[in-house]
Structures are given as C-alpha cells and as structure tokens.
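Novice: Copied straight from TrEMBL:
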TRANSMEM  12-31  transmembrane segment
DOMAIN    18-461  domain 'Major facilitator superfamily (MFS) profile'
TRANSMEM  66-87  transmembrane segment
TRANSMEM  99-120  transmembrane segment
TRANSMEM  126-147  transmembrane segment
TRANSMEM  159-177  transmembrane segment
TRANSMEM  189-210  transmembrane segment
TRANSMEM  275-296  transmembrane segment
TRANSMEM  311-333  transmembrane segment
TRANSMEM  340-362  transmembrane segment
TRANSMEM  368-395  transmembrane segment
TRANSMEM  407-428  transmembrane segment
TRANSMEM  434-457  transmembrane segment
REGION    489-516  region 'Disordered'
COMPBIAS  497-509  compositional bias 'Polar residues'
C-alpha cells in the first residue's frame, strides 16, 4: 500500500521544481560563501594595483584589510536587505515568480563582479557582493516557503532539506572551481563570479513551466481551479480532493484574513513560542560557529600544520563531507524526525568543539594532534549538516499558517543575516582574544540551542499545520479555539459563511470534479 504513495509523492514535477528552484537560489548562496576564499590573494593584489594607479601610492595594510573585510561581510548586509523586502514581493508576485525575478539581482551581480578587473574598479566587486547578498536574502526565504507549500506533509522535511543540500553543493562547487587548475589563477578569478549566471539562466528557462504554490493560489489568490491543477501536477494524480480539503480546513480559519505584519505576528499570543523557536534555531544556525570555520578554513588548516600548496585540496574534503551529510539528513529526516536530528546535531558539535579546543591548544606538543584537529573540523561540519544546517528553514515553513508565513520568514531571515554578519565581523577579535579557546564560545551556543530545543520543540514530522499549532497551544497558554480567534477575528467570516462561499464556487463551476 505504501509503495504507490511514495511514487506519486515524489512526482517528476515535484523533483524538477525543487531541484531547479534550489539550483538558482540556495546553491548560489552556498557558492558565494566559499567562492571568495580561493582568489583572496589575487583580489587583494587587484585592490592594491587599482589604488596605486589612481592615487600614485600603494594602499596601506590596514586599509587593504578593511576593504577585504567589507568585500566579505557586505554579502550579509545585502542578505539582510533581501530578507526584509521579501514579504511584499512574495505577496504580490507569488513564490515561484519571486524566485524568477530574483535572478535579475544574480545576473546583475555576476556582471558587475566578473567585469570589475577589466574595468579596473574594485567598487564594482563590492557592489556586486551586496547585490548578490540581496539575491541570497530573498532566496533563503522564498525557496523554503515554496518547497514547504508544494510538498505533501509526508515528505515535507525531505523536500525542505533540498535547500540545505544545495547550499552544501554550492559551497563545494565554489571550492572546486577555485582550484589553481581551474579558475584559481590571477588571470581567471573573474570567471568564478561570471559562473553565477549559469544557474540563474537554467532556473529562468525551466521554472516558468512549473506551477505556482497551490497553497498560495488557493489561500491568497482564491483561484481554486489553478490550485487544483498545481496539486495534480506536483502530486502526479488526478484526485486531489484530500489535499484541497486539507488546505481549505486552514482557509476556513483565515479566509479573507490579510497577510500578517511582523508586528502583528509578534503580538499574536497563539504563535509566541513558534516565533521564539524560529529565532533560537536561526540564531544558532549562524552563531554555532560553522561560518567561522568556512571563513577561516585556510588559517585553521595552516595552524594545523598543513602545507600551503595542499590546503585548497584539503578544503575540498570539507565541502564533500558537508554535501554527503546534508544528503544523509534529507534521506532520514522523515524516519527520525526533526527533533533528534536538530538536538543530536548541536550536541555532537558541542563534543567536537571541545575536542578541537584541546587539540589546537596542545598540537605543538604532540605530533599527530593536527590531524585530530582536521578530523574535528570535518566532524563539526557533518554534525551541523545532519540537522542544524537545513531543518531551521523547514521548521519556519511548518510552524505558521499561510497569512503568517511571509512575516515569519522575514523574522527568520533578519535573525539569520544579522547573526551571519556578527560572526564574520567578531570572530577575528574573538580568535585574537581567546586564541585556541575561541571555539568554546560556539560550543556554549550549541549547548544552549540543544537544551532549548529539547524542552520546547515538538516533533513536526508528518503533521499538518493545524496539528503543529495544537502541539504549541498548551505552551502558548491558549486553547485551539483561541488560536483561531487570534487570527484577527474582525476580518474572519464564520465557518458557515465560508462553507457557503466555497459551495457557491463549486456550483459556479470554479472547482472541477474530485474536490467534493
């Protein structure tokens, strides 16, 4: 009985939509995290030569360091802007069209960065980084939103992990293309940024042929016939009456309810702990120390005693481990659930951060300890990717109803990008002040995150949005009825009126056979 269910749940359209959506979105986020590492020396040289040509003297070391820090960290500022503007965009254009329009930012950024050397303008590279950040900020909200709304609840976690898997693939691709044999040379580094156009073009070509989110069509556009067709396409079957009824059960609560603003969401008692949980998971996602490892892999490997020429190839192992761990998580998330993977991932990171601290502290006294440091780095990356690396995006999509979801993703995105910027900015100072003990700070954050999730997070595997709201009702100290009333009672119709409206639309031929 189960085999046919699995086959139609993973329909061809569902797979193509998730892969294409992620390739032009979260893949580019991962790619831009790692792509600046390999050509760093050549880009700094370009900055110095440009400065000397303009002003007649070489740039001093502190100014060059500042320019480079801005180049790396401004990506997060762009991401914050993208996260803030995504709500009105997904409201007016829909999830799929937002992903398509977002490619304008990616292509513009790619052209600016790839032609910066030819134009002799490092400002073009910095501007391109901030525009690419805007693209990433929009992507990391719109893509998980789209994936959570097109997938059946039985595979919502696995499909949601596609976001994380493609971030990892993007990081790995950036590392591979940055090798000296490919684009990691002084004359070729602009091609690393020009390559961004390829995933964007692939998405622009394929995604228009796939449907919009059926939940968006039904609950926000009230277009029942298009929503039914979208369900049929994504599920690969004609009878989608159960799925439409499931969504309509939510619409009976919030039909004619306006999209909730951030302020309204924060004031809604019925989702208070959902919002807190999203803030904690997204904060820990960035503050757990993985980005610090990505930004400073080369120096960590250097201190571990790895030969300078060998470092780019050793770095490849980190990207490969990350990708394998993310794929593993996607395969087991619907069996093990979200809780074990999240709490277990953070717990393992605590252990390996502690071992890494000991290893880095004593590595000059024992000859084999540098290899233990490398193992710990790989283990931390794997632990992150089996749970904390993707599940926060899944949870944000699962916790909130349709009218609340854009505001929830804006909150999640804001926390995500502010934390990202803070890590990039503060880690060098933390490392300078605490030396080898700096990773204990991240261990403490991981421990706090794991403890919070252990006591607060309910299992959301295979549950509807309605059932997840029920799971939080007691902690929010509201009854389920109160939760429904909290969705702005003045703008709600009664259930009887909504049933009447829906029946009327069926009678008018708006809904095709198979729904009722």
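Cβ atoms here come from the backbone N, Cα and C positions, even for glycine.
Since this is a predicted model, take the numbers as computed values, not measurements.
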Novice: At an 8 Å Cβ cut-off, counting only pairs 6 or more apart in sequence, do the transmembrane segment (12-31) and the transmembrane segment (126-147) clear the bar of 3 or more pairs?
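Specialist: Yes, the transmembrane segment (12-31) contacts the transmembrane segment (126-147).
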Novice: Does the chain bring the transmembrane segment (126-147) near the transmembrane segment (311-333), so that three or more CB pairs sit under 8 Å (pairs 6 or more apart in sequence)?
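Specialist: Between the transmembrane segment (311-333) and the transmembrane segment (126-147), which are separate recorded stretches, there is no contact, as judged by 3 or more close Cβ pairs.
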Novice: Using a Cβ cut-off under 8 Å, which residues of the same chain at least 6 positions beyond either end of the transmembrane segment (311-333) come close to it?
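Specialist: Answer is 34, 37-38, 157-158, 161-162, 164-165, 167-169, 171-172, 174-176, 178-180, 184, 293-294, 297-298, 301-302, 341, 374, 377-378, 381-387, 389-391, 394, 461.
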Novice: Return the average pLDDT for the domain 'Major facilitator superfamily (MFS) profile' (18-461) as a whole number.
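Specialist: When the pLDDT values over the domain 'Major facilitator superfamily (MFS) profile' (18-461) are averaged, the result is 89.
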Novice: Quick one: find which recorded stretch in 66-87, 189-210, 340-362, 407-428, 434-457 has the most Cβ pairs under 8 Å with the transmembrane segment (99-120).
Specialist: 189-210
Novice: For the transmembrane segment (407-428), name the stretch out of 66-87, 159-177, 340-362, 434-457 with the most CB-CB pairs under 8 Å.
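Specialist: Top-ranked stretch among 66-87, 159-177, 340-362, 434-457: 66-87.
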Novice: Mind checking which residues reach the transmembrane segment (159-177)? Cβ under 8 Å, same chain, six or more beyond either end.
Specialist: 14, 18-19, 21-23, 25-35, 37-38, 140, 143-144, 147-148, 150-151, 183-184, 192, 195, 294, 312, 315-316, 318-320, 322-323, 325-327, 329-330, 333, 385, 389-391, 393-394, 397
Novice: For the transmembrane segment (340-362), could you work out the same-chain residues 6 or more beyond its ends whose Cβ comes under 8 Å from its Cβ atoms?
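Specialist: For the transmembrane segment (340-362), the sequence-distant neighbours (Cβ-Cβ under 8 Å, at least 6 residues beyond its ends) are 281, 284, 288-289, 303-304, 329, 332-333, 369-370, 372-373, 376-377, 379-380, 383-389, 391, 436-437, 439-440, 442-443, 446-447, 449-450, 453-454, 457.
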